[in-house]
Amino acid sequence: MKVNLDRTSSGFCIGVQGTIHLAEEKLREHDGKLYCLGDIVHNEVEVKRLEELGLITIDLNEYSALTNAPVLIRAHGEPPSTYTTAKSNQLDVTDSTCPVVAKLQRSARMLHNRGYQIIIYGKKNHPEVIGINGQCDNQAIIIKHPDLSAPEETAPLDFTRRTALISQTTMDVPGFAMLKENLERLFSASAGPGERHAASHWQDIRDIDLTAEITGVRPLPKFLYKDTICRQVSSRNSKLHDFAAQNDVVIFVAGKKSSNGQVLFNICKASNPRTYFAEDEKDIQDEWLLENRQPVQSAGVCGATSTPMWLLEKVARSIESRFSS
């Protein structure tokens, strides 16, 4: 059996990689004691490794009660209230918010402050979405289903307001496009005769367009969208699809809490039905890698943006050792 490890489209994205490096650095600085608000990464194996080095994962209630202590803000980002608490509690904060997420937060805040109704394509309880919504005074409308199949998600929409569609950085590009088209139809159907054209053709904007509005050079359109999906993440979709197709069996390694992991696993599964989900090498069942009681010719090992490369390598070595004979 040949074991193929995907090193180009799997493993930590830049944002998570930066957070992990900062955590290790701060743990050394603070003699092996550092608090992190929420799981530093949605991978239980990596969290356990860092906790063994001294990282202490805390929830919001524990964070609010903490004083004069070093705290790490993870790559997902946080709402403004988290920083207010840090200041009042004299916390030594290391902010490792992903630059892509930080840019998205600024866009959301600017559009909200200009009076826009903000729609976020994302998952309501995902920490990144909570942070983005916080930039909008927690007034954003969050839609997970691009086909608008959940009426409770669209019920709060005000069809008379200026409206902006943005996205959680790890959502899928086709879903974002579908949501935009469905919102165009929905707003057009609800608009008056004079508004139907604008409502049915939402405009794509760039950062320069936001600056033009703020400086008074030209106004933003009433209905707009800004594709804020991280391309480093989304570009993995097609690459992992191809990788999965090139192997007899695929072992996809990720944490069960990983939103990105679920998306990428489903992409691999669609490309190769013999794709199996594992958190680590202990989850792998021998029968996954057999065909007519013989080892398959090739097994691919890949993972999510929250899966460390050391874990992927460990899984690959485990498969090789189990089927080396």
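Along the chain as shown, residues are numbered 1 onward.
Heads up, the Cβ atoms here are built off N, Cα and C, so glycines get one too.
E128 (active site, proton donor): 25 other CB atoms within 10 A of its CB, across all protein chains. For E128, the entry in Swiss-Prot reads active site, proton donor.
Residues or ranges marked as [4Fe-4S] cluster binding site by Swiss-Prot on the basis of sequence analysis: C13, C98, C230. The DSSP secondary structure for C13 ([4Fe-4S] cluster binding site) is coil. Taking all protein chains in view, 20 other C-beta atoms sit within 10 angstroms of the C-beta of C13 ([4Fe-4S] cluster binding site).
Annotated isopentenyl diphosphate binding site per Swiss-Prot: H42, H76, H126, S258, S259, N260, S306, in sequence order. Long-range Cβ proximity for S258 (isopentenyl diphosphate binding site), meaning a same-chain Cβ under 8 A and a gap of 6 or more residues, is found for H42, N43, A304, S306, T307.
Same-chain residues at least 6 positions away in sequence with a Cβ under 8 Å from that of S259 (isopentenyl diphosphate binding site) are, in sequence order, H42, K123, H126, T170. Reduced to three states, the DSSP call for S259 (isopentenyl diphosphate binding site) is helix. Residues annotated as (2E)-4-hydroxy-3-methylbut-2-enyl diphosphate binding site in Swiss-Prot: H42, H76, H126, T169, S258, S259, N260, S306.
Residues annotated as dimethylallyl diphosphate binding site in Swiss-Prot, with sequence analysis given as evidence: H42, H76, H126, S258, S259, N260, S306.
With respect to their backbone Cα atoms, N260 (isopentenyl diphosphate binding site) and C230 ([4Fe-4S] cluster binding site) stand 11 Å from each other. Cβ proximity to the isopentenyl diphosphate site centre (mean Cβ of H42, H76, H126, S258, S259, N260, S306, cutoff 8 Å) flags the following additional same-chain residues: V41, E128, T170, G255, K257, G261, A304, T305. Farthest C-alpha pair in the isopentenyl diphosphate-binding residues H42, H76, H126, S258, S259, N260, S306: 14 Å apart.
Only H76, T169, from the binding-site residues C13, H76, T169, C230, place their Cα within 10 Å of the Cα belonging to E128 (active site, proton donor).
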